[in-house]
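Feature annotations, courtesy of TrEMBL:
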| type | residues | note |
| --- | --- | --- |
| DOMAIN | A:77-275 | domain 'ABC transmembrane type-1' |
| DOMAIN | A:354-555 | domain 'ABC transmembrane type-1' |
| TRANSMEM | A:23-49 | transmembrane segment |
| TRANSMEM | A:81-100 | transmembrane segment |
| TRANSMEM | A:112-135 | transmembrane segment |
| TRANSMEM | A:155-181 | transmembrane segment |
| TRANSMEM | A:202-224 | transmembrane segment |
| TRANSMEM | A:254-274 | transmembrane segment |
| TRANSMEM | A:306-328 | transmembrane segment |
| TRANSMEM | A:354-378 | transmembrane segment |
| TRANSMEM | A:390-411 | transmembrane segment |
| TRANSMEM | A:471-492 | transmembrane segment |
| TRANSMEM | A:499-518 | transmembrane segment |
| TRANSMEM | A:530-555 | transmembrane segment |
Amino acid sequence: MSVETVGAQAAPTFRKWIDSDKALAAICVIVPLIGLFLFFIYPMIIVFIRSITTADGTYGLANYAEILASKGFWRATQHSLVMGGTTTILSVFLGFIIALGLHRCAFPGKTLIRVAIVLPLIAPSLVQALGLIFILGRNGLISQFSGVEMEIYGFWGLVIANTLYGLPQAVMIISAALVLLDARIYEAADVLGSSPLRQFRDLTLPAVTFALLSASFVVFTITITDFGNAAVIGGDYSVLATEIYSQVIGQRNFNMGAVVGIMLLIPTILSYYIERQAMKRQKTQKATNIHSYVPRFQAIRDVPMGILNFLIAALILSVIGIVIYASFVKLWPYNFDFTLKHYNITLAGGYSSLWMTIWISIGAAVAGTLAVFTLAIGLRHTPEMIAQPVRILAAMPAAVPGMVLGLAYILTFNSTATPLYLLYGTATLIAVINFYHYHTQAYLTVMTGFRQFPSELAEAGSALGAGIGRISTTIIAPFVAPMLVSVFFFLFMRSMVTLSAVVFLTTPQLTVAAVTIMRLDDAGLTSQAAAFSTAVMAVVGLALLGMKGAVSLLAKRNSRKSGS
Amino acid sequence: MNYWTKSAMALAMAVGVASPLAAGEITVYSALEEEEIAAYVAAAEAAMPDVEINVLRLSTGKLGARILAEADNPQHDLIWGWAVTAMMDPQVLDLLEPYKAAGSEALANQFRDANDRWFAATGYLGAFCVNTARLEKKGLPMPTSWADLQNPAFKGEVLMPDPNSSGTGYLHVNAVLQTKGENAGWELLKSVDPNMAQYTSSGSKPCKAARAGEYTVGISLAFTAMKSIEDGYPLAMVFPKGGVGYELEASGLMASSDNKADAQRFLDWTLSAEALELYGQYKALITVPGVETSAAAAEAGLPSDIRRILFPVDFVKSANRQSKVKAEWKDRFGR
């Protein structure tokens, strides 16, 4: 803003816009880029240096040679790829069904689906793992009722757990494409008498290809880097994330873990590259004017889609619900008498961490949403030569396992050599790591929205003399507002419960809810950990309701303003 | 203007939180259990009212990663109650400053460093967690030793932590190798391997899975077993005959500490009569001669004369050969 006013005083009217626009576009790219450099590239350079630091302190590729020569690494790589691929296909397929159900079909009870789909994002990882074991475990409900012991631990357990984790993120990205499709094209198709199947194939599918590929990329990446699910339900199915854990935590050898961490970037960069190549061949259809699509009931489409949607929602609800239920019984699975005793939590700091976590999460969500929005705006006005590497960079952070990122932050910021040391041990740094840990998902969701943006609108705006600043706030922002809102909520929810990276950044004075849950579970108090998780989910649920209310109030006031 | 005032304020706040701790405050990194930390810290703060004790509690493995990642600029004044096999990692020993805590001279040689960089007043034991309900349902005999687990009837019913990921896993492997001798030890582990359902990455998970009835035997920690029995799970704690694995909880002073006087006072306190009395309530293994073990431990089936079931673990040997043992284990049993 200040740049614009400075420009206004210094230059004649015509040049004013040109100059300030260029400057503003540059700022939009540069500020988020500085963030990516400081909080992602710089720590990752340190990780890379550690990966080439050999046991005797010299630099070389000996660590890489050692890892590449071990058969455990290749087994884990193969496992990771097979498991990641299976999970991706499942998550994106189911996520597409949910997104279509929510935005393209007409059936009652969508609120329930929306609630269910958000649950895996606000459930601490312990909850999902416990829920699956309570239901599908060897002594779980299904085994007990059927009398046949299920063997959940291993490949399928891991695939199911990761699919649950990936599903909401796939839905978020795919929805970003569906919600903005112009209704009038479909109305025209209806008039021309084309079948729903044909409309799906010729209109919907081409429009969501980018979103499907982005969702696949995200799910694949977060699956191969996730350690939590692998540890609790993966059994002996070793994956790359367990290899890293074994090196870094088990053998206190960060350098070797760093090698695997760096190599995890390879499949990610590769799959991102494949996705971009596929997109080049894809012509995108862009709406010139947006009328939101209101589906009318069609039995042939909506009955089966409704049933599928509710089945998926029921699975999610039962996994989370059973843990909530277990937190109210005396001794799962032996004594089902009701009790509130598990909510009387005094160890591991009690409930105090909960409130701090809320502030950290709001900070991460506000700053993060702003950062990806400005980055996306800036990229529209950046020459392709610069924009291309920036896009890859912005999509990369998900490829770094939380454990590696967390320890990299210690190595980077716990050094008095730079003023960044001021951040070490602060809540700010925890908010920062939460944002960059989930940068990929936030960025890709906003980009999916931007792809649908009819640039004619912006051109018209600029022909009428509006600068980037005005166009962004008055034309683009309202258009992508649904994406910004979902990115905000996504960052908020994940920041509330993510553990893998922040566990290394907490201090005696500063801890977060996820760490409290881990400490309770470490102390053998699994029921208390479940109770605390339930409390976290309740608080997040209330916060979401409050914020959603505020957003819709704001939207109403805005529409009234523009209407008058 | 506004922007600058705001950032200045943010900066000041950040400095306030991140600045080195003033005298009268110490930061302690510990892997002791939550419950005991709360009790000990309350007592220690009462004994030293002028010192504020800030404790960061993490599991042994995560604490190690954190300590080493912070090694260039340590944030803590001392390490308190951390696995001695981890403490003897040369990377960690380099961070410690020799200090002869008052009362450490009473400890036997095996419980303190020859150069006074660490001492261990307490320790923890490995144990089998046996789910009695599941044992009965499956019609299995109660295992009393590692050899009993060779029985093919236990196929898919036993869990143990992976020594490459978990200190508890190494504790058990080391116990078998030291009591049986190298060759017989590896043979025994090999004959039990087919019955192992999983090698887990967490040390307490085998016990938690056993108490939930997912598996029959979890090779794990006595602490988790005792806690579970206290909570009412159908669980029996078994100390395998012929030698129980155990680990010492070592403490030491950080050379980087800027409040060594208070840190040393705290280390002295951990060997004080008051502390020893508290250990009696919580610890199964106390290295200070003449201290009784806890009532809870006795109730859970811990023998009153604990040293009778322990073999003399050579911790120097154990720490020195751990990379070799872990590599060989991975080669033989890695899945």
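Each Cβ is built from the backbone N, Cα and C atoms, and glycine gets one as well.
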For the transmembrane segment (A:112-135), sequence-distant contacts whose Cβ falls under 8 Å of one of its Cβ atoms, 6 or more beyond its ends: 98, 101-102, 141-142, 152, 157, 160-161, 164-165, 167-169, 171, 228-229, 232-233, 309-310, 312-314, 316-323, 326, 332-333, 489-490, 493-494, 496-497, 499, 513-514, 517-518, 521, 526, 529-530, 533, 536-537, 540-541, 544
Annotated stretches the transmembrane segment (A:155-181) and the transmembrane segment (A:499-518) touching (3 or more Cβ pairs under 8 Å): no
Intrachain residues whose Cβ lies under 8 Å of the transmembrane segment (A:306-328), provided they are six or more past its termini: 94, 97-98, 101-102, 105, 107, 109, 112-113, 116-117, 119-120, 123, 127-128, 130-132, 134-135, 141, 164, 167, 338-340, 342-343, 527, 530-531, 533-534, 537
Stretch-level contact, the transmembrane segment (A:202-224) and the transmembrane segment (A:254-274), CB cutoff 8 A, at least 3 pairs: yes
Positions on the same chain near the transmembrane segment (A:23-49), where near means CB under 8 A and six or more residues out: 3-4, 7, 59, 258, 261-262, 371-372, 374-375, 377-382, 386, 390, 393-394, 396-397, 400, 404-405, 408-409, 411-412, 420, 432-433, 436, 439, 467-469
Region pair the transmembrane segment (A:254-274) / the transmembrane segment (A:390-411), three or more CB pairs under 8 Å: yes
